[in-house]
Amino acid sequence: MVSISGVQNFMSSVGITLKPKIMSSTDAYGNVNTFAGIDTPFVGRIGFNITPGSVKFGRFQDPRATIRNQIKNRVPVDAGSGKSSSHPVPASTGGQITTKGMTYEDIKKNLKGTGQLFEDPDFPAVGSSLFYSMSAPRGIEWKRPKEICNCPKFVSGGTSRFDVRQGELGDCWLLAAVANLSLYQDLLEQVVPPDQDFDSDYCGVFRFTFWRFGEWVEVVVDDRLPTRNGHLVFMHSTDSNEFWSALLEKAYAKLFGSYEALRGGSTVEALEDFTGGLAEFYDLRGKQPADLSKILTKSYARRTLMACSIGADPNVVEAELPNGLIRGHAYSITKIANVTTASGPVQLIRIRNPWGNEAEWKGRWSDKSPEWCSVSEEQRRELGLNFDADGEFWMCYNDFVSEFEKLEMCALGPQSLEMTEGSRNVAFEMTIEHGGWQPGVNAGGCRNFLDTFWTNPQYRVHVEDADEGDDENLGTLIVGLMQKDRRKMRKQGADLLTIGFMIYALKEPRSGLLDMNFFKYNAAVARSPAFINTREVSGRFRLPPGDYVIVPSTFAKNERADFLLRIFSERLHPTEQMDDTVGMEDPQEVIKSRLKHRFSLRPQQHRGAVVPEPINESQVAALKNAFEKVSGPDGEVTADELIDILNVAFTKELNEGREGNQPEVPNNKPPAAAPSRVSSKGLSFLCCGLGEKAENANSEAGPTTAKPGAEGGDNEPGYPCVRWYV
């Protein structure tokens, strides 16, 4: 057996100091595991699961993977770093965005009594903060609220859904989200802290809080706003003296690098960033759930935030239809109610146009329509009915699903609400996993690519019980897969990738990655509604109690991105990432026992013996280069990222071969497997063991040629199962 000290010695040779500890933990399934852990100063803890006869390299099951009531305890983080982790982190790890190393409190303290006003060096009052693809329009002046009006207020007379008006920026999706958020004061105050104003302690700095991929971050901005002829250019309040909405939009623009980055989007994208909730999408022109009306009623009772829209006309921007509705425009749903009429009960939906004007629905149940005559005065008062030209109107359920094309919902979870006794009955339970796709490592693409699909990250979820009161003994899971930071990377030309996920049932408990044969002979029990190039794809599923595996992937293989996988459910369901098993065994014994055929690892090896080769300087340089690329400016990586670093650093030759420059393979050498979890030539501290998964190891297997959206073919020969050995 190779001791842990051997790993320490190698890592020390490249400047990484490892400190082993012995510990134990209990995973989500009640299994007690003993670990020899290695704590590193910048990698985190690496675990070696001690079992009789071998030591397995893997991840700890972090109890923080299940996020609960953590919103009060926020820890500082720089939201501008873009740092991602494949390890679960608690919801509370967000906090202050620093501005040149200073927090909001630091800025206030330093400027107090100086007479100076804050100027944000990270988001200056210049054209590049407005647009990245063109120059700023002429006539734009940056002014502070005190230069715009005589008596500015942060909030004037309270906040409401009627406060926000759209400006010249195409971000009606953001306005719809803000209007929706303002329905719930506690949610709004999480994003817009109310203890801010233009009074005695005013120094030109304001703060806002946003949810970013499992963390809450605080964005600090100055109050210089773009104006033309003395009037705000972008989002503003109906009250010309009120500035919370304009400053909120500026902070959100800073989060993504510019105002232009806010052009075009989905309402629930902003709702997720405001609440930490999970989005659902329904195509009202396609096949709708039979119980959609019930879902709407139950969701509104859970304070789910909702929006709707009609597809845009490619020839006309925001074209108005004869019925009064606007194409390509985002509306917020502000209430779901049932009324009793002479002809029976009717489900009504209240909808708001963020323009806040007379552009409203003109059909049944619109303002002053005859249908309201059948509703009692008491019911009218309960509905808060008014017929003002304020952009808000009512529709019945049947007209709603007939006229609108898209329904978006944002379900609240534990990260959305402080866990009071009342909110526990509102918020879903949630589990969360951070991960990523690394080309040549675990970016296997969709099921069309059967030979690499199994290399994608895999997550096991256990559906413990059925939903409370469910007659069919089924448990609800809302699964959301979100790609990180793509809007922020628009300036660099990054587009949203096409992503989706598959769900497979496990008939019996399993550990380690499911191999290609599993996916070859087992069909998915559920899948995302589509593989689509949106920030998040999600789906609602009702499944019998049992074990399942979720496989998130991009549609094409070998695409790089970080992602967040979240699962909302009425009951808590434990999850864990299924990972590679790596044995710490004697390499010579591994080779003798696993490579039973005519294969050898290197051309210079002699029959029956393995000649170790010392690691050379170029490989050390490759390791350090891979580490720097993955770690980012903070110089830190997680244990999972270390695995990726080792894979990337020592598979250069193999990756080059798969790009079309593959060297001639001798008859006594195994074929290059599509998954790149194998060692390169000349590497002494790592070698690979090939499990006998293939019927014919010399067979050539190409990618499946199934059409997009279809299942891949099942007649390809299998690749060898490859695992690292230390």
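Using N, Cα and C of the backbone, Cβ positions are placed for all residues, glycine too.
For reference, TrEMBL has these:
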type     : residues : note
ACT_SITE : CYS172   : active site
ACT_SITE : HIS329   : active site
ACT_SITE : ASN353   : active site
COMPBIAS : 82-98    : compositional bias 'Polar residues'
DOMAIN   : 117-413  : domain 'Calpain catalytic'
REGION   : 76-98    : region 'Disordered'
REGION   : 656-678  : region 'Disordered'
REGION   : 695-719  : region 'Disordered'
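Here the domain 'Calpain catalytic' (117-413) has a mean pLDDT of 89 out of 100. Around ASN353 (active site), the same-chain residues at least 6 positions away in sequence with a Cβ under 8 Å from its Cβ are ILE326, HIS329, TYR331, ALA359, GLU360, GLY391, GLU392, PHE393. When other Cβ atoms within 10 Å of the Cβ of HIS329 (active site) are tallied across all protein chains shown, the result is 22. In sequence order, GLN166, HIS329, ALA330, PRO354, TRP355 are the residues near CYS172 (active site), counting only same-chain partners six or more apart with C-beta under 8 A.
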